[in-house]
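Below: the structure, in structure tokens.
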Amino acid sequence: MESKNFKLPSPLATVIVGTQFGDEGKGKLVDYLSANYDIVVRYQGGANAGHTICFDGKSVVLHLVPSGIFHEGCTCVIGNGVVIDPVALLEEIKTVENLGYDVRGRLFISHNAHLIMPYHKLLDSLHESAQGDQKIGTTGRGIGPSYEDKVARKGIRVVDLLNPELLKEKLRENLSAKNKLLRNIYDREEIDVEAMVQEYEEFDKIIDPYVTNTQAYLTRELQAGKTVLLEGAQGCLLDVDHGTYPYVTSSNPTSGGACTGSGIAPNYIGKVIGITKAYMTRVGNGAFPTELLDETGELLGKIGHEFGATTGRKRRCGWLDLVALRYSLAINGVTEIALTKLDVLDSFEEIKVCTAYLLDGKELHDFPTDHQTLAQVTPVYTTLKGWMASNAAARTFEEMQLEAQRYVDFLEEQVQLPVTFISVGPGRDETVFR
């Protein structure tokens, strides 16, 4: 048989994943790398996670629009795996435009992305309030209820805004069930269907120019040789399948979610960069083996400004956990590590790193997948010498403080992956590449 030269996909896409409980500093890396990519895609989550970008003396928080929007040559895509709050999205678009950046023609929204409706946010808050001590720690932004409707095949998608009659029909069907909950369970007033239809028809007029079949668009661009950077929200340990269930988010922040949430085929993925904070934080409830409930934890939070970009909630702080990190690196197929917020450790004489867990007198090196077991483990620490000086002026690894270099070397040795990016300060330029 005559051989045929079929054109196979080139690995032109890079996935950026958080390897911890979110808040790892993904926004800075995406912002930094966006200048080298043609397209940046957000593939899951919603307005429950904020990416903070610092440039030109400004600090901007984005929840839905990809961080690459601040690079003029970059096109941004909100993928089908994202749940979109139209109100929050329009506010972000306005914020970006007010900073002098063009959005139209540079931002595309998947017609298959699901919408967060007002009843999702209301039910989210009411349900969380009713949980008492069993609260998950939701942001109250309607993310979970929107994903619930998606899985139940009752969700309202962006494409539904383009058909007012279909939108009205779906809203009536959904609100029939939601209003029963509001009235009978939570003793709240029902939501008016007609008012909501009118409100969302107005959203359609504004959003329509941005809506497209993003899966087809991304595939065409990749086939044409364009490069794509995919960014998720939260982190691996909050993944609904692989995280500390039930204290997790409602989607898949892992690298597998990048494909399902964007429509990009796996064989287009060439690199997976794991964003890892030099220490650990967590927002809300759930097991956290290395959490520091003392002055050290308070100091980490104070120096690191550890307050949620979305909710303003104080983050719990602790030392770096290599048991959890190895687990995340394996699940995501991470090819290299980006180490963030190393500067927060500049003031510590000693720095501890968890290398194993103790449970019932036995040492564990595998991350427990059930929350009950994880809540019972005790961390085993290795203590490293601190560097007690700033690395903010360093632009090469050799210019960093010697003990800071040793900290990075120790991390690489423990996880057997290269650390190729080190953030030594919040600014764009306060970065070391290797």
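Heads up, the Cβ atoms here are built off N, Cα and C, so glycines get one too.
On a predicted model such as this, the values are computed, not experimentally measured, just so you know.
As recorded in Swiss-Prot, the features of this protein are as follows:
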BINDING   22-28, 50-52, Arg315, 341-343, 423-425  GTP binding site
ACT_SITE  Asp23  active site, proton acceptor
BINDING   Asp23, Gly50  Mg(2+) binding site
BINDING   Asp23, Glu24, Gly25, Lys26, Asn48, Ala49, Gly50, His51, Thr139, Arg153, Gln234, Thr249, Arg313  IMP binding site
ACT_SITE  His51  active site, proton donor
BINDING   Ala309, Thr310, Thr311, Gly312, Arg313, Lys314, Arg315  substrate binding site
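When other Cβ atoms within 10 Å of the Cβ of Lys28 (GTP binding site) are tallied across all protein chains shown, the result is 27. Figure note: comparing Cβ neighbours within 10 Å for the binding-site residues Arg313, Lys314, Arg315, the maximum is reached by Arg315. Residue density at Asp23 (active site, proton acceptor): 29 other Cβ atoms are found within 10 A of its Cβ, drawing on all protein chains shown.
If you compare Cα positions, Gln234 (IMP binding site) sits closest to Gly22 out of the binding-site residues Gly22, Gly25, Thr52, Arg315, Leu342. Taken residue by residue with DSSP, Leu342 (GTP binding site) is part of a helix. With the fewest other Cβ atoms inside 10 Å of its Cβ, the least crowded of the binding-site residues Asn48, Gln234 in this structure is Asn48. For the pair Gly312 (substrate binding site) and Leu342 (GTP binding site), the C-alpha distance works out to 22 angstrom. Between the CA atoms of Leu342 (GTP binding site) and Arg315 (substrate binding site) there is a gap of 17 Å.
On a Cα basis, Arg315 (substrate binding site) lies 11 Å away from Gly22 (GTP binding site). Straight-line distance linking the Cα atoms of Arg315 (substrate binding site) and the residue listed as 'active site, proton acceptor', rounded to a whole number, equals 9 Å. The Cβ of Gly312 has fewer other Cβ atoms within 10 Å than any other of the binding-site residues Gly25, Gly312. In the three-state DSSP scheme, Lys28 (GTP binding site) falls into the helix class. Distance between Cα atoms for Asn48 (IMP binding site) and Asp23 (active site, proton acceptor): 11 Å, as a whole number.
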